[in-house]
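*Asks:* Below are the features I grabbed from TrEMBL:
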TRANSMEM  48-71  transmembrane segment
TRANSMEM  77-97  transmembrane segment
TRANSMEM  109-127  transmembrane segment
TRANSMEM  142-163  transmembrane segment
TRANSMEM  175-193  transmembrane segment
Amino acid sequence: IAAMGIIFGSLTISELASRKSKAGGIITYAEYSYNKSIACAFGWFHTFLYYPTLTAVVSWVSGIYICMLFGINGGLLTETIIALIVMTTFYIINVLSAKLGGYFQNASTIIKIIPLILIALAGVFFGNPSEIAISDITHMKSASWITAIAPIAFSFDGWIIATSIGHEIKDSKKNLPKALIIAPIFILIIYVLY
């Protein structure tokens, strides 16, 4: 359900992206669709809430995984220090060269997707569907399954941020809408197969 919401959100944003190729992404679209006040509100929200929260969470999770990978024990303080180092490193990489940052993003995306695809393929070819047993479907009758929407939406995050660099994309009026539609569908397929 969450993935379908993301795909329809992508369709909406891709329609706006096909009309405007100015810098600013979602803020420009808000100004184009509504007015400058709404665009200003979007700008403040993204500047002081959305981007800092997203950056902090991703950096902190990186710190957690680095600690797990290298067997570092130190708790929250160590994870936070590593998160700050990770965040600062990537900030410097992007300041030095946007192209270098792009190469790193492409490489890390491929590195993340390969294991998911391999696990999905292993499940498709070597899995035994008869071993899957549904023990209790009564949990679906309550509204607790809705709590899964936030982490699912987080796993798709980035599609809205991609609009902010639309002016840097070659033929963005054609290519950005394609990317905004194809990428979430591709991610959905990988996670469903996974």
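From the backbone N, Cα and C atoms, a Cβ is placed for every residue, glycine too.
On a predicted model such as this, the values are computed, not experimentally measured, just so you know.
Context for these features, please: burial, neighbours, distances.
*Replies:* Here the transmembrane segment (48-71) has Cβ contacts under 8 Å with residues 78-84, 86-87, 154, 157 of the same chain, all six or more residues outside its ends.
Beyond the transmembrane segment (142-163), the same-chain residues lying 6 or more positions past its ends with a Cβ under 8 Å from any Cβ of the stretch are 1-3, 5-6, 9-10, 13, 16-17, 25-26, 29, 54, 57, 176, 179-180, 183-184, 187, 191.
Note on the transmembrane segment (175-193): residues 3, 6-7, 10-11, 13-15, 17-18, 113, 116-117, 120-121, 123-124, 155-156, 159, 162-163, 166, 169 of its chain, located 6 or more positions outside it, place their CB under 8 angstroms from a CB of the stretch.
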